[in-house]
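Novice: Below is the structure I would like to discuss, written out as structure tokens.
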Amino acid sequence: MGARRFLAPEVVQTSGMDCGPAALACLLGGYGVRASYARLRDACQTDVDGTSIDAVQDAAALLGLDAEQVMMPVDHLALPEAGALPAIVVTRQPSGLTHFVVAWRRHGGVLQVMDPAAGRTWVPVRRFLGDVHVHEFAVGAEAFEAWARSDALRRPLLRQLDRLGVPASSAEALVAAAGDAPGWHALAALDAAVRQAGAGGFRRHAAAGEIARLVAEPGAVDQRHWFARRTPGDPGAVTIRGAVLVRAPGRTAQPPAPDELPADLRAALTQRDPGPGRFLRDWLRGSGHRLAAIGVGAVAATAGVLAEAVLMRTLISPGPAPGWTLAALLALATILLILDGALLAAAAGVGRRLETALRAGLLRRLPDLPDRYLNSRPLSDLAERAHRLHRLRELPLLALDTARLGTLLVLLPVVIAVIDPGSALPASIAVLASAAAGLVLLPAQAERDLRRRTHVGAVARFYLDALIGVVPIRAHRAGRLIEGEHGRMLGAWASAVRAVHRTALTAELVQAGAGLACTAWLLTAAHDRVSDPAMFLLLAYWAVGLPALGQQLGALVRRYPSYRGAVLRAIEPFATPVEHTPTPARHGGTGVAVHLSGVEVVSGGQPVLSVAGLSIPAGSQVAVVGRSGSGKSTLAGLLLGWHRPARGRVLVDGAPLDAGNLAWLRRHTAWVDPTVTLWNRSLADNLTYGGAPGAGVPEEVLDDTYLTEVAAGRSGPLGERGGLLSGGEAQRVRLARARLRSGVRLAVLDEPFRGLGRDQRRDLLRRARRWWPAATLLYVTHDVADALDFDRVLVVADGRIVEDDNPEALAGKPDSYLRGLLDAEQAVADRFRDPSWRRITLGGTR
């Protein structure tokens, strides 16, 4: 068993579906297994289902934890005798959705919980148990009886009986009597009776009789108190109802062999997520000399402030002051003013350079990020990360203020001790008390600030999603529902903000109280020792300033969690590994030859495509058909790089489709898909996007794609995502953009004619096949009849290629899958031709 950390590592989830990998990263980190959360998250998009507690348990075991998934009564979860902690526990959110958290340790009446949505929290046991998700599951009666007769139930029962005031001898007798009874029902009845007695509020030593009565009359026990009940209709099964958790009491004796792990899990153990300090140090490497100068200047400025106060003291001393004092004071004030301005300007300059460098770096990084990184994160989350970079500009100014205050708090007790050695102790205690009060409350402040930022992100995401979906929201009259959900989220946000302010106010009150008490002690004691009024006045001036300085430092320290969170969110895009492989030198040619061997694509731990073998010769034109969700687009996505095979090989022209070959292939690919983005720019800008700079749009391209009228009638922007176009017009714009690609050796047309009439679809398909006569063409479609014009068709069903042949030959077989698809398509067409339908024709442009 590995040593367990006292505090659970904080791992905050990136999006609402990432509580599984975040909880797993916390559990691993708590036992010293350093695993990259980013790579665990990637693994949960492919090799592991991050929303499944079974998959999380399997991943934990593979990564070296002694992990076991169990169900137990909810009220046993926090009992030390149950041995449940630490564990990943399934909880229930107010929305009704399940959520994974890590219950780490129990501290008296509170649990230390790492909630991936809010960070490390300290939750009362009763409140946590109320949030636990209650699950029902049927198990074999013999297996449950074996569990019930073990210490797994016996020890928690004895603990609960002791809490109810039942004497140890009586408790042992109750448990022994239930154990002597045949079967499992007596033990289950005792467990339920103890739970009901605990909920009934009986006086101590009065519960034993009530429990004995309930065990004798199990029908009197309320159904909600039973952990185990008989399964109706199955005498060999028991239905249990309780908490679901993956407990991990330690690490396995044998560490995992990296070669035996899936690729992403192996990468999670080898990759290290950079910390905030190292990340900032790397980006500020060119400003190191400026930072050093700012630090020296901050110390000098602080010392100058103290020297200024000493000079002021000479002006108020009895007797005439030296003639040079006033001149020296004015010169020092001028120097400090200039130094202060220079320090502020230098710190602001470093901050601007940091923000500029990060923004430029992010722009350079985005095109290189893996597609699954971008596809697995909400758009609003990525936008918020980029927007929040402006906060990092303030870090040098924050560091400057902290250095000044810290230096002043260190030097002041020294200077006070020079004036009055007897005041050194209260001055030091005042400094320590003021600083410690802020540091002690820092974890609570960090927890509440993290929760506030989580709610801010949720509200911002809600705004964006509501704006994107405003048309269907209005169409379905869902406005009130959206308003209600928004109100609920705002209520949670307001509660989080109030908690932040309460903690900050508490910290300020504690700091002020401690500082004022020490100041009163210092001045009272120094009154009799310091006879010089001017010196005592200077001492009082500095002493009274100690609490204020401590409060200012505490305010700066309390801002640290917010900035740390901003840095952590900025790190992830830069820390995501990018595969760089030299682009191979290729010579001109026709199409590309594609070969798949033993390929399996996994998403969320579930296989979505399996291809034992497939060869497509260069220059072939192949149709791919199948029902929705059968795996057609996944097959096309393999060649586009959207999916990476978990097993098997994808070869293009005999070479593996690695990062270098993929980059080359994309430059020679024409891709049409309804999800291809249209920009809020002119038609010409959209058509030439991705092509050579300054390229025009030939008239023949507009004619080929039926865009001549669109070009003549619309000279302005096309709207966000092409919103000012009809669905058919937008699809023709995408088709024309692909038509303008040069050097095409692979054409992937995935539902390219969605929103177009049948006659126009057939005509555009004939034209598209002539546009790239020598290229390899994959045509993915739901319109099975369109595939009959091809020489070869692949029929995909349930993630497998079930037929691969000439479409005419397959259509002629009554039992073929393609024949079934054609018949189903014809049946739908016949139904819509039924004369009972009322037909309305829409025409014109208004």
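Backbone N, Cα and C define each Cβ position, glycine as well.
Heads up, here are the entries from TrEMBL:
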DOMAIN    13-139  domain 'Peptidase C39'
TRANSMEM  291-312  transmembrane segment
DOMAIN    292-520  domain 'ABC transmembrane type-1'
TRANSMEM  324-350  transmembrane segment
TRANSMEM  395-419  transmembrane segment
TRANSMEM  425-444  transmembrane segment
TRANSMEM  505-523  transmembrane segment
TRANSMEM  535-557  transmembrane segment
DOMAIN    594-823  domain 'ABC transporter'
Novice: Same-chain Cβ contacts of the transmembrane segment (291-312) under 8 Å, 6 or more residues past its ends?
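Specialist: Result: 284, 325, 328-329, 332-333, 335-336, 339-340, 342-343, 346-347, 350, 396, 399-400, 403-404, 407-408, 411-412, 415, 538, 541-542.
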Novice: Ranking 324-350, 505-523, 535-557 by Cβ pairs under 8 Å to the transmembrane segment (395-419), which is first?
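Specialist: Stretch with maximum Cβ contacts: 535-557.
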Novice: What same-chain residues lie close to the transmembrane segment (535-557): Cβ under 8 Å, and 6 or more beyond its ends?
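Specialist: 309-310, 312-313, 316, 398, 401-402, 405-406, 408-409, 412, 415-416, 419-420, 423, 427, 430-431, 433-435, 437-439, 442, 504, 507-508, 511-512, 514-516, 518-519, 522-523, 526-527.
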Novice: How do the residues of the domain 'Peptidase C39' (13-139) split into helix, strand and coil according to DSSP?
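Specialist: So the domain 'Peptidase C39' (13-139) is made up of 44 helix, 41 strand, 42 coil.
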Novice: For the domain 'ABC transporter' (594-823), report the average pLDDT of the model, please.
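Specialist: So the average pLDDT across the domain 'ABC transporter' (594-823) works out to 87.
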